Each structure stands twice: as structure tokens, then as C-alpha cells.
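Participant: This is the structure I want to talk about, given as C-alpha cells.
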Amino acid sequence: MTAPSQVLKIRRPDDWHLHLRDGDMLKTVVPYTSEIYGRAIVMPNLAPPVTTVEAAVAYRQRILDAVPAGHNFTPLMTCYLTDSLDPNELERGFNEGVFTAAKLYPANATTNSSHGVTSIDAIMPVLERMEKIGMPLLVHGEVTHADIDIFDREARFIESVMEPLRQRLTALKVVFEHITTKDAADYVRDGNERLAATITPQHLMFNRNHMLVGGVRPHLYCLPILKRNIHQQALRELVASGFNRVFLGTDSAPHARHRKESSCGCAGCFNAPTALGSYATVFEEMNALQHFEAFCSVNGPQFYGLPVNDTFIELVREEQQVAESIALTDDTLVPFLAGETVRWSVKQ
């Protein structure tokens, strides 16, 4: 006899960290987000990056054009910070409701980040303006110096960049994105109300052993890279505690299969189809389902000063198999947990 399925009804969630790419890839991946989430913070690391109001408006329209009829989805656009960015352009975009936040990529930290910031001092006028107007700063928190081990880059970023920055601009709202370490979990938990964090499903579900033991699993390779089990455990404990300044940010980052399964593969997990069920599984494993809705649907809007969504969705607890791949025009896309049986999924 099979156990009856369970249903979780939650306020419609938002994704506070998402890559949608552009062109045909954009058209393929947008529906996986727009059918589930009310809003998403869209990353600006296109080629070339989104650095002007005009570019953000055009990109937003391309996203909206890819949203299927019947989906009620609002993309929240971000500005890519560069050493040469004009603070007036940033403020104009924020005041006009085009830019929700600005994104700090240390130069060469991740995909399409070669235009990123070379030093905090180089963009201090921009950051001071953001502090003044109340615009959130979203941070990819890794140092990129060649001599620093890839597994240490987040912890080093906290001491060398994040803490000095927050000491200098004490009123600046900062989201420490896709945190992956106990160091970052402790730092955010011990911080004030102007510091928050997002966490991905892969960093809650897996550690570096899952990616490297018994063969390299390229579809678990993302940046920041998966860390040791002690770090994974710290992240799980943070979300399970009900801490209200951590929220859902999938960092869903699609790459065609041939760009992942290669001699020099790209970083990123395309988790949009399976992320919400993955988060539910983690919260269930941690006996913390009472905090699941807040993590997905309340904490983010609260930090950004936005209303929560007024519609609801349901997740059902019944085993389903994830597709092995998703068709692209001239390749395929391998989703997070491809071919695996998952416990929770969004009720269709």
C-alpha cells in the first residue's frame, strides 16, 4: 500500500537570483521560471553586460516576450557594475523602476564577468550613490586573485572586501549571493538588518564529494564551487533555523550540454525546473517545513521592501522522474537532477 501524497500550499515564491541568458536560450528557459515564480531578480551578465537603462528596458521586453500566455511573471532587472559606470545612469534607472538592484562581479569571477569591478575603490562613487538612494547591492562574494585557492575565495572575500565595504558604507543594503560556506552563513547571521543572503538548491543538497568522487559530474559544477560537508551542513542549519534574512535564489544558469560536458566546461546549474522541489526536500529533511514558505516567498520581499505575492501554488509529495534533457535549437540542456527521482514537485 502506498502512502497518500502530501500537499504543501505556499504563497507564490520569487527567485532572487536568476540567469535567463538571451536569444533562443532565453526563449527555452523563461517558462520554467515564469510558471512557478511571481518575480525574479535577473542577472545582467550578458555579452555585452546590461549597464544602461536602455539595455535593461530592452532586455526586460525580450524576457516578457518569452513568457507564455497565462503566466503572471515580473522580471526585476539589475545593473552590471563596471569601473566606468555613471552613478547618474544608475540612479535614473532605479528612480524609473527599471533597476531593482545593482550587481557586483569581481572581474573574472564567473561567466561573462570580464567587465567586472577591479577594486571597490574604483566604484566607490557608485556605491555611495546606492547607499544614498537605498538601492540594494548584490554581491558575488569571491576574490579572484590567482594565488588564492578556489575553495577559499568566499571566506577571503568576507575579510578583505565585504567587511571593509560594509564598515565604510554602513547604510548600504547588501545581498551576499549564493553563499556556500560556514564563514558566510555565520557572517550573515551575525550581521545587521541591512545584510541578507541567498542560497541555491545545489549548495544545500550537495557538497564537493558529490561532484568529484567516483567521476566528475559537470552538471554540479557551478561558481562559487561546492564546498566541504561542514559548509553544506552550516547552510542547511541556517535555512532550517527560520532565519529571516536568507531567501531563495536559485542561481539557475543554463549552458548547452556541449559547453558543460567538455575539456573546459562552463560553470552553472540549470535548476529552474527542479529547484523548488529540491528546497522542499531539504526543509523536510531538516524537519523545518514550517519555515519553507518564509524562505521562498516572504523573506525576500521583506528585505527588498516589496509586497509579497497574493497568489498561491502547491507542491505535491509524490515521486517523479526528472527529464534527462531539454531540447534546444541545436543542442540539449541538462536540468539539475536529470534522470533522478525527486520527492517534491510543483503541482500542475
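Cβ from N, Cα, C; glycine included.
Fair warning: this is a prediction, and the values are worked out from it, not measured in the lab.
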Participant: According to Swiss-Prot, H17, H19, D251 bind Zn(2+) 1; which one of K103, K173, K182 is annotated to that same site?
Facilitator: K103
Participant: Looking at Swiss-Prot, which one out of H71, H115, H178 binds Zn(2+) 2 in the same site as K103, H140?
Facilitator: H178
Participant: For the substrate site that Swiss-Prot describes with H19, L20, R21, N45, H140, H255, A267, which of these is also annotated: L76, L169, L223?
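Facilitator: Site partner of H19, L20, R21, N45, H140, H255, A267 for substrate, according to Swiss-Prot: L223.
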Participant: Using C-alpha atoms only, work out the spacing between A267 (substrate binding site) and H17 (Zn(2+) 1 binding site) and round it to an integer in Å.
Facilitator: 15
Participant: Around the recorded Zn(2+) 1 site, report the further residues of that chain (criterion: Cβ within 8 Å of the mean position of the Cβ atoms of H17, H19, K103, D251; site residues excluded), sequence-ordered.
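Facilitator: Output for this site, in sequence order: L18, I41, M43, N45, L138, E177, H178, G249, A253.
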Participant: Taking 10 A as the limit, how many CB atoms besides its own sit near the CB of L20 (substrate binding site)?
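Facilitator: L20 (substrate binding site) is surrounded by 26 other Cβ atoms within 10 Å.
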Participant: Based on DSSP, name the secondary structure state of L223 (substrate binding site): helix, strand or coil.
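Facilitator: Its secondary structure by DSSP: coil.
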